[in-house]
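Some features that TrEMBL has for this protein:
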type	residues	note
DOMAIN	9-227	domain 'ATP-grasp'
BINDING	Lys46, Gly53, Arg54, Gly55, Glu99, Gln102, Glu107	ATP binding site
BINDING	Asn199, Asp213	Mg(2+) binding site
BINDING	Asn264, Gly321, Ile322, Val323	substrate binding site
Amino acid sequence: MKVHEFQAKQVLARFGVPVPKSGVTDSVDEAVEIAKGLGGSVWVVKAQIHAGGRGKGGGVKLARSLDEVRQHAKAILGMTLVTHQTGPEGKLVNRILVEEGQNIDQELYFGIVIDRATSSPVIMASREGGMEIEEVAEENPDAILREVIDIATGMSAYQARRLAFGLGLQGKTVNKAVKLMMACYKAFEASDAAMLEINPLMISKEGDVVALDCKMEFDENAMFRHKDLAEMRDLTEEDAKEIEAAKFDLNYITLSGTVGCMVNGAGLAMATMDIIKHAGAEPANFLDVGGGATQERVEAAFKLILSDDSVKAVLINIFGGIVRCDMIARGVIEAAKNLDLQVPVVVRLEGTNAEEGLKLLEDSGLGLIPAKGLAAAATKVAEVAKGA
Ligand code: ADP
Ligand code: MG
């Protein structure tokens, strides 16, 4: 679960991580009031969306007067911000953060992720802050310092010191950075985070160490024990189809191809996407209806797939182990009856009651295309998706 920058900063602040003073709003007038309240003479107006790269896209603006705060707030609120992380369609900006402007000396990078290879949190830090860490990793991998954390003992002060020295920090700044890193790890661990990224981590002209930007992602499976964090969820930032899918316990992810997939079991769903690609087409989604799919869930899943305009053909690939193929067929038929079916649907059923299921589909008069075997089904669906 992703949250906004202002929310991530609230979490960090609770653990004692220094962040700039700020206020969040959805109104231009209030933005000016917030700036007045913060005092000083430089402010930054920042679009709050679940994506990075806002600065380059025009979503982070420096203001040197209250008039400029007003201008920037007006321009950013309601804009559709396109960054390399939003996709070409961009994201609508509903809220802005008005923050006190900082006196930046250096922009560093600090991040914590879960590393599958070591099954541990790994801390990454780099002097190359302000730019995308993926770029640094590609062009200059040696510029990224790493510390693997033992989850039994947590982050040790010597690891933080090693990072601080590796970043070239000196004098009092070293201890400030150590304190910040230790606090960040505490925040990460205590909130069941999956990712924390501070980019840039600022060293100010005065030698202070401050989180200027922050991204956090939390483990959704742990949100039951973090009511306060769960409330930070912003559904307007999430894919509408994925929200709908969650209501029916469907594992659904939108992709960019043209072949809608309805499959039971995550492994089979992965294999189905692979074989669709192998047949020369692209999947429009990942969808696992689950082992214990009911007719109602199959109906919901089918509707979901068809609600996507880019879907030009559908492949239903079901292996009936626990689930019965005739029940799946009934779900598909019910859903197809209630919907105006515009795209060809290829069905491959295998396993428990497959024959019965196929017969139901053939008798339904809905023009569903039966296929024998996964390879044949994939070839067929790729062919009809191109024809449509
Ligand atoms: P994004 O990563 O989405 O582009 P950031 O919050 O990192 O957004 O902001 C982009 C850049 O804007 C930062 O690298 C920094 O140079 C500048 N910036 C952000 N917040 C402030 C601030 N409070 N004061 C001064 N400069 C800032
Ligand atoms: Mg940033």
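Note that Cβ sites are derived from N, Cα and C of the backbone, with glycine treated the same way.
Between the C-alpha atoms of Arg54 (ATP binding site) and Asp213 (Mg(2+) binding site), the distance comes to 11 Å. Among the binding-site residues listed (Glu99, Gly321, Ile322), none has a CB atom closer than 6 Å to any atom of ligand 2. Cβ environment of Asn264 (substrate binding site): Asp288, Val289, Gly290, Gly291, Ala293, Ile318, Phe319, Val323, Ile328 lie under 8 Å away, each six or more residues apart in the same chain. Cα of Ile322 (substrate binding site) to Cα of Gly53 (ATP binding site): a span of 46 Å. In the three-state DSSP reading, Gly321 (substrate binding site) counts as coil. When the binding-site residues Gly53, Gly55, Gly321 are compared by the number of other C-beta atoms lying within 10 angstroms of their own C-beta, Gly321 comes out lowest. A mean pLDDT of 96 is what the model gives for the domain 'ATP-grasp' (9-227).
Proximity of the binding-site residues Arg54, Gln102, Asn264, Gly321, Ile322 to ligand 1, judged by a Cβ distance under 6 angstroms to any of its atoms, singles out Arg54, Gln102 in sequence order.
Cβ neighbour counts within 10 Å, taken over all protein chains shown, single out Asp213 as the most crowded of the binding-site residues Glu107, Asp213. Between the farthest pair of Cα atoms in the substrate binding residues (Asn264, Gly321, Ile322, Val323), the distance is 10 Å.
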